[in-house]
Amino acid sequence: MTAETHLQGVEISAAQFFEIWHHYDSDGNGYMDGKELQNFIQELQQARKKAGLDLTPEMKAFVDQYGKATDGKIGIVELAQVLPTEENFLLFFRCQQLKSSEDFMQTWRKYDSDHSGFIDSEELKSFLKDLLQKANKQIEDSKLTEYTEIMLRMFDANNDGKLELTELARLLPVQENFLIKFQGVKMCAKEFNKAFEMYDQDGNGYIDENELDALLKDLCEKNKKELDINNLATYKKSIMALSDGGKLYRAELALILCAEEN
């Protein structure tokens, strides 16, 4: 079955949802925008008509919002709200725990328990299990394993079998995902280390809130297109959620500001 056929379904399984996303996010950048989004809207309307189904209220609202917009951009979270996805899988995209970047960062700290800078499949499975338990949902271990594998395939952009902070952050709604803004200001390791040492003014090996404030102000000043100084407090709060009792160590800040080097 093709992605277009899946759109005709009354309920879409987790595996079908992945296929739909993979098909329409044709450039693999983690978002549907421009032509991709318009193709999806057009084919969604055609598929529902072909199946003799009306657009659901969520679909109508979505088409009204993005149908004419040339600058529209949606992520996986937004797509999950539109399609009639199986209930337990849908819960991951409606999680109250992940409504803001700050909440997300705190969640990341909890599950990246070994501070490796990524979450492996076992850590991801624990994360998903906890989300379901918070929603008072119990599912069989085999189903949880299936969800974990699908999520890994869906978010693992570089196919290394584990999720980095920016990859898992696609569980956040686009508007909330401040990490998107920082993609354009990441530094190479040499630049990052130099900046860290410059702003770690007392040389104690970590950056505190005031030092981070100074660093972010300078970044906003140098990168006005990407970063908005009016959002400085939000950036700071979200990044400090990665800190250890107010101490932001090099490895944690690197997750935000240091580009991966191959």
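Glycine residues also receive a Cβ, built from the backbone N, Cα and C atoms like all the rest.
If you check Swiss-Prot, you get these features:
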MOD_RES   T2  N-acetylthreonine
DOMAIN    99-134  domain 'EF-hand 3'
DOMAIN    143-178  domain 'EF-hand 4'
BINDING   D156, N158, D160, K162, E167  Ca(2+) 3 binding site
BINDING   D200, D202, N204, Y206, E211  Ca(2+) 4 binding site
Using Cα positions only, nearest of the binding-site residues to K162 (Ca(2+) 3 binding site) (D202, N204, Y206): Y206
Cβ neighbours within the same chain of E211 (Ca(2+) 4 binding site) - under 8 Å, at least six residues apart: Y199, D200, Q201
Averaged pLDDT, computed only over the residues in the domain 'EF-hand 3' (99-134): 85
D156 (Ca(2+) 3 binding site): secondary structure state under DSSP, collapsed to three categories: coil
Euclidean distance between Cα atoms of N204 (Ca(2+) 4 binding site) and D156 (Ca(2+) 3 binding site), Å: 35
Candidate binding-site residues N158, D160, D202, pick with smallest Cα gap to T2 (N-acetylthreonine): N158
Beyond the site residues D156, N158, D160, K162, E167: chain residues whose C-beta lies within 8 Å of the centroid, for Ca(2+) 3: F118, L152, F155, A157, N159, G161, L163, E164
List of residues, in chain order, with Cβ under 8 A from that of Y206 (Ca(2+) 4 binding site) and at least 6 apart: D200, S243, D244, K247, L248, Y249, R250
DSSP three-state assignment (helix, strand or coil) for Y206 (Ca(2+) 4 binding site): strand
Pairwise CA distance, D202 (Ca(2+) 4 binding site) versus N158 (Ca(2+) 3 binding site), rounded so that it is a whole Å: 37
Per-state residue totals over the domain 'EF-hand 4' (143-178) - DSSP helix, strand, coil: 23 helix, 2 strand, 11 coil
Integer Cα-Cα distance in angstrom, E167 (Ca(2+) 3 binding site) to N204 (Ca(2+) 4 binding site): 31
